[in-house]
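Annotated features, as they stand in TrEMBL:
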REGION    23-64  region 'Disordered'
REGION    109-134  region 'Disordered'
COILED    150-310  coiled coil
DOMAIN    310-663  domain 'Kinesin motor'
REGION    328-348  region 'Disordered'
COMPBIAS  335-344  compositional bias 'Pro residues'
REGION    354-373  region 'Disordered'
BINDING   GLY410, GLN411, THR412, GLY413, SER414, GLY415, LYS416, THR417  ATP binding site
Amino acid sequence: MESQRCPLLEVKKNIELKTPLVKGPSQLPLSRSRLKRGPNQMEDALEPAKKRTRGVGAATKINTSRSRVPPLTTVPQTQGHTAVQKVPKKTAPRCSTAITAVLKNQKPVPAVPAQKPGPTAVPPIAGVKKPSKRPAWDLKGQLCDLNAELKRCREKSQTLDQENQQLREQLKEAQQQAKDLGTERSTLEGELARVRTQAEQGQQQLGNLSAHVLELEERLGTQEGLVQVLQKEQLELQEERRGLTTRLEEQERRLQASEAALSSSQAKVASLQQEATTQAALLAERGDRLHGLEMERRRLHNQLQELKGNIRVFCRVRPVLEGESTPSPGFLLFPPGPGGPTDPPTRLSLARSDDRRATLSGAPAPTTRHDFSFDRVFPPGSRQDEVFEEISMLVQSALDGYPVCIFAYGQTGSGKTFTMEGGPGGDPQLEGLIPRALRHLFSVAQELNGQGWTYSFVASYVEIYNETVRDLLATGTRKGPGGECEIRRAGPGSEELTITNARYVPVSCEKEVETLLHLARQNRAVARTAQNERSSRSHSVFQLQISGEHAARGLQCIAPLNLVDLAGSERLDPGLALGPGERDRLRETQAINSSLSTLGLVIMALSNKESYVPYRNSKLTYLLQNSLGGSAKMLMFVNISPLEENVSESLNSLRFASKVNQCVIGTAQANKK
């Protein structure tokens with residue numbers, strides 16, 4: 001506000017103290033264009049008259065010069081008229097810097113006294129031709145010249161009067177602007193006073209609020225101290241109350257306190273009972289929801305397994321053992337899976353040379369490559385845990401009530417027993433599918449126990465040797481020829497099959513399963529062949545009967561899990577051992593190949609939806625018929641050797657597995673009651 005008031009005061013002072021800018025026409029400066037005509041030109045025009053007056057004796061001197069007065073403003077001349085620069089009018093409510101500067105720097109113009117014309121020498125104007133002098137005797141001509149000059153001076157005087165009038169109007173406008181600025185100044189000063197008053201009031205209110213805040217802080221501190229005192233008193237009273245409660249046991253007031261406590265306890269008991277009822281209802285609701293989710297999980301799990309196929313075939317190639325010849329490069333190839341190099345392989349390529357064509361033609365034997373495709377291919381470097389990871393969900397289906405059967409198929413020495421039971425020495429990394437599957441089932445059953453499911457497991461382990469069923473868990477007098485078993489139905493009209501004279505052992509932990517596997521490994525029929533020092537000459541079938549019950553909902557599910565280690569599938573000549581037992585080996589091989597052929601025929605009949613399925617053509621298929629039909633899921637491992645000398649048997653195994661892989665069985669159904 002001070003910066004705006006100062007220019008207004010200066011303008012007002014300048015207007016009051018300065019004298020009028022122009023007093024009369026004689027005090028105004030001439031235009032620059034008018035002054036170009038100097039006194040010398042006028043003297044030249046009047047020089048003949050001077051000469052005449054000298055001769056006549058009347059000397060008249062005419063001085064056309066004017067004294068120079070500093071102009072108020074520069075007034076340029078255009079087309080004979082003088083344009084005067086006007087002072088700009090007020091265009092804003094505040095003082096203009098340009099107007100203030102003009103009015104502040106303007107000084108009073110002193111009055112210029114009238115001067116007599118004199119013989120002031122004025123240089124002639126460049127480019128203007130000097131008029132010729134009249135002769136002394138031409139007085140009339142000189143008079144005419146003087147009249148013309150007088151007319152010009154009058155016109156100039158009129159022009160100057162007009163300019164003077166315009167300057168006066170400008171002065172009035174400037175004075176009016178100064179008056180308006182003064183009025184605005186007064187208004188602004190009033191506003192400044194009002195704002196200052198408001199600021200003082202605000203300061204006063206701020207002071208009052210600060211004092212009130214201090215007062216409240218003091219009160220808060222007092223209240224906090226009081227609260228602390230009360231809390232301390234409350235603790236003391238609580239301690240005192242505990243002491244009084246103890247002493248009231250021997251006083252009459254204890255009865256009243258006990259009654260009050262009894263009433264309170266009854267109210268709490270009622271509240272707890274109501275809360276327990278609510279919790280029970282909530283628990284039942286959550287149990288229903290959890291049960292629904294479990295049923296949905298089982299449905300989706302089964303749907304996923306069906307999408308993968310109710311009959312699946314995996315191929316596993318065992319690694320080259322110590323002392324065996326390393327196969328040539330390119331003999332076995334594992335192309336990447338459909339998703340690229342990171343995807344597990346599903347194809348296998350095996351090269352074979354035709355020795356017969358080489359003998360007839362004399363040229364090197366050409367190589368023929370055979371390509372096979374399966375659900376999954378495990379190269380020689382695959383670990384046991386990787387193999388089980390692929391079948392863990394299938395094992396889970398057995399716990400959900402779906403019959404499951406897993407085979408290990410292949411020639412002697414291809415790693416079937418290693419895949420199913422694992423390696424010797426009890427190394428956890430070498431455990432086979434049977435111990436891993438049992439461990440997985442026990443773990444999942446323990447989790448489902450929290451949802452109301454109760455599971456029991458009963459294991460049996462038999463072998464089929466020369467179409468004879470033997471119990472591998474038999475001990476003592478039950479071992480030997482008298483321990484033969486028969487496959488019978490559990491009862492009239494029952495579809496469940498049992499084995500007479502066989503042990504059914506309930507199991508609930510891994511240690512019990514390890515004991516059974518060790519006993520079965522000792523009782524299994526083995527013999528020495530040309531391809532394996534200790535070759536399995538029988539089909540071993542590990543059966544686990546799974547029974548689940550949900551007592552609260554009255555649900556039951558029963559399903560078998562069959563893990564089968566088939567006997568060697570090689571032809572007679574490669575696996576025949578020399579010696580007196582040749583006829584026994586021949587009979588064993590014929591029985592093995594016959595049962596394997598029947599297994600293939602059963603799978604083909606199921607795939608073709610034939611009305612007759614030849615289950616009874618073999619003890620193996622007859623025992624497993626409830627796990628091979630449309631309500632079951634089946635997985636076959638085809639195990640092959642990586643050696644070139646076994647290429648013929650490997651091709652036979654791969655071709656048989658390819659036929660099985662092309663079969664499709666109907667939708668599986670859970671065995672629920």
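Just so you know, glycine gets a Cβ as well, placed from its N, Cα and C.
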What count of other C-beta atoms do you get within 10 angstroms of the C-beta of GLY413 (ATP binding site), across all chains shown? 25
For the coiled coil (150-310), what's the mean pLDDT in this predicted model? 86
Quiz question: given the binding-site residues GLY410, GLY415, which has the greatest number of C-beta atoms lying within 10 angstroms of its own C-beta? GLY410
Cβ-Cβ distance under 8 Å to SER414 (ATP binding site), same chain, at least six residues away: ARG318, GLY568, ASN639, ILE640, SER641, ASN646, SER650, SER653
Using DSSP, how many residues in the region 'Disordered' (328-348) fall into helix, strand and coil? 0 helix, 6 strand, 15 coil
